[in-house]
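According to Swiss-Prot, the protein has these features:
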- 37, 38, 69, 88, 89, 90, 91, 92, 93, 94, 95, 96: 5-phospho-alpha-D-ribose 1-diphosphate binding site (BINDING)
- 69, 92, 93, 94, 95, 96, 134, 135: GMP binding site (BINDING)
- 89: Mg(2+) binding site (BINDING)
- 92, 135: xanthine binding site (BINDING)
- 92, 135: guanine binding site (BINDING)
């Protein structure tokens, strides 16, 4: 993927607050199930914004940094998902979301970002991303010193 969409910490906070507003009233939710690892930060922000104290994880492995591979369920809460928000940072191909729908047919599945191949599997999301674009999440980046241009030429 040659295109990149960079999400800053500030933008992630803003997107998650917008996503939280769509989940009101908060009292309808028993808890949040954050999909590890991408959904952990959005899940924490949503828990704060909605005043939800019960947060658990669904651990599914399907990526090695930028390469998708076979899916493995490492940890999964019991039940059909009724009353729970399943939170992801991104729905890309839809493979993980499809698996989650099978496992938890009554949960509400939400994500911060969605690509065309997977967005129909979501109940809510806030940012549309082109299918050929790689997302750089704030937890995958660091701020570094950049040499001034005039010093690079010497």
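Numbers here mean position along the shown chain, with the first residue as 1.
Each residue, glycine too, has its Cβ placed from N, Cα and C.
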What is the separation, in Å, between the Cα atoms of residue 93 (5-phospho-alpha-D-ribose 1-diphosphate binding site) and residue 135 (GMP binding site)? 13
DSSP output for residue 37 (5-phospho-alpha-D-ribose 1-diphosphate binding site) maps to coil
For the C-alpha pair, I'd like the distance in angstrom between residue 96 (GMP binding site) and residue 37 (5-phospho-alpha-D-ribose 1-diphosphate binding site), rounded off. 12
Using a 10 Å radius around each Cβ and all protein chains in view, which of these binding-site residues has the most neighbours: 89, 95? 89
Residue 134 (GMP binding site) - helix vs strand vs coil (DSSP): strand
